[in-house]
């Protein structure tokens, strides 16, 4: 018996093939299948943010002015979170809260959920775009893997944290000063700076900045003299096939400086990928812990001794008192719907005050 093996070919293209040909066509701006998610979501997220910061007040949700129309500037304008009473409602325009009224929807904070959800899916679409392009040109997918770090931070801070709390109200509003307020809130209510996951995140981000600076400077230092131009950009032909810097020279230099150095480019560049991405993932995990109100380090023995001994105080006990002050002041300011009043005699005073 003879078996003929051959590649099956379709006589005519179906709708999927036609779509695939159009989406993945070589053009100035690649679209791709990921673009069906990325471009609409990015458009709506940015459009919602510009609309909110320009026109929409936060008076009904936070008792604040938050738009250019009310006199805010770029640093103080924001798309603010919905009121605490709305809990975790998706605040759909056609939902029971707004009932199709666009003005009412904006007043209730519907733009925040709109921007947050479209922003999250837009970021995921951008990561899928990197996967798709990498596969098209037969590259490894490390760019997309690296971009998972920012996505993890965004999703944990803007979605998972408020889901663990009483409502979207406790998520960050989309604005510069609003993010600063959220950072102060995290410190006062969660002692975030003493959280080991935050420490790993800081080490990752600052360590990555250091590695980036060292790497860029080292490459510039060991460039081959390939031309007589006045600067790096004029002296080199960007299409030349050979390397433009000496890994051997760089290795000898850092071996003398530190006693150790990267021996090959793969390990060096993997380390530059690993440090920031791991840091971002660790801080995202820490925020998930805070969503569940998990505590980090509590040095109770120092707190007890500071309470008993007027002359004993550490930077830790000082910070604990500062956190109490943030909570006492911030709760009344930040949650006006609770009508909280703290008389001066209950506000914290350290031993040194």
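Note: Cβ is positioned from N, Cα and C throughout, glycine not excepted.
Residues or ranges marked as chlorophyll a ChlzD2 binding site by Swiss-Prot: 118. Using a 10 Å radius centred on the Cβ of residue 118 (chlorophyll a ChlzD2 binding site) and all shown protein chains, the other Cβ atoms total 21.
In the three-state DSSP reading, residue 143 (pheophytin a binding site) counts as helix. The number of other CB atoms found within 10 A of the CB of residue 143 (pheophytin a binding site), across every protein chain shown, is 15. The feature pheophytin a binding site is assigned by Swiss-Prot to 130, 143.
Feature annotation from Swiss-Prot assigns chlorophyll a PD2 binding site to 198; the stated evidence is sequence analysis. Taking the Cβ of residue 198 (chlorophyll a PD2 binding site) as reference, residues of its chain lying under 8 Å away and at least six apart in sequence are, in sequence order, 192, 283, 286.
Classification of residue 262 (plastoquinone binding site) by DSSP places it in coil, neither helical nor stranded. Residues annotated as plastoquinone binding site in Swiss-Prot: 215, 262.
Swiss-Prot lists 215, 269 with the feature Fe cation binding site, giving sequence analysis as the kind of evidence. Reduced to three states, the DSSP call for residue 269 (Fe cation binding site) is helix. Taking Cβ-Cβ distances under 8 Å and a sequence gap of 6 or more within the same chain, residue 269 (Fe cation binding site) has no neighbours at all.
For 2, the entry in Swiss-Prot reads N-acetylthreonine, with the evidence type similarity to another entry.
As annotated by Swiss-Prot, phosphothreonine applies to 2.
Taken from Swiss-Prot, the feature transmembrane segment covers 41-61 (among others). Tertiary proximity for the transmembrane segment (41-61) is limited to same-chain residues at least six positions away from its ends with a CB under 8 Å from its CB atoms, namely 67-70, 72, 77-83, 106-109, 111-112, 114-115, 118-119, 121-122, 125-126, 169, 173-175.
The transmembrane segment annotation in Swiss-Prot covers 125-141 (among others) and rests on sequence analysis.
Using a Cβ-Cβ cut-off under 8 Å and counting only residues 6 or more beyond its ends in the same chain, the transmembrane segment (153-166) has close neighbours at 81, 84, 87-88, 116, 119-120, 123, 172, 280, 283-285, 287-288, 290-293. Summarising the annotation, Swiss-Prot assigns transmembrane segment to 153-166 (among others) and lists sequence analysis as the type of evidence.
What Swiss-Prot records for 208-228 (among others) is transmembrane segment, and it gives sequence analysis as the kind of evidence.
Taken from Swiss-Prot, the feature transmembrane segment covers 279-295 (among others), and the record attributes it to sequence analysis.
Taking the Cβ of residue 130 (pheophytin a binding site) as reference, residues of its chain lying under 8 Å away and at least six apart in sequence are, in sequence order, 141, 143, 144, 147. Across the structure, residue 215 (plastoquinone binding site) and residue 118 (chlorophyll a ChlzD2 binding site) place their CA atoms 36 angstrom apart. Of all Cβ atoms in the shown protein chains, 19 besides its own fall within 10 Å of the Cβ of residue 262 (plastoquinone binding site).
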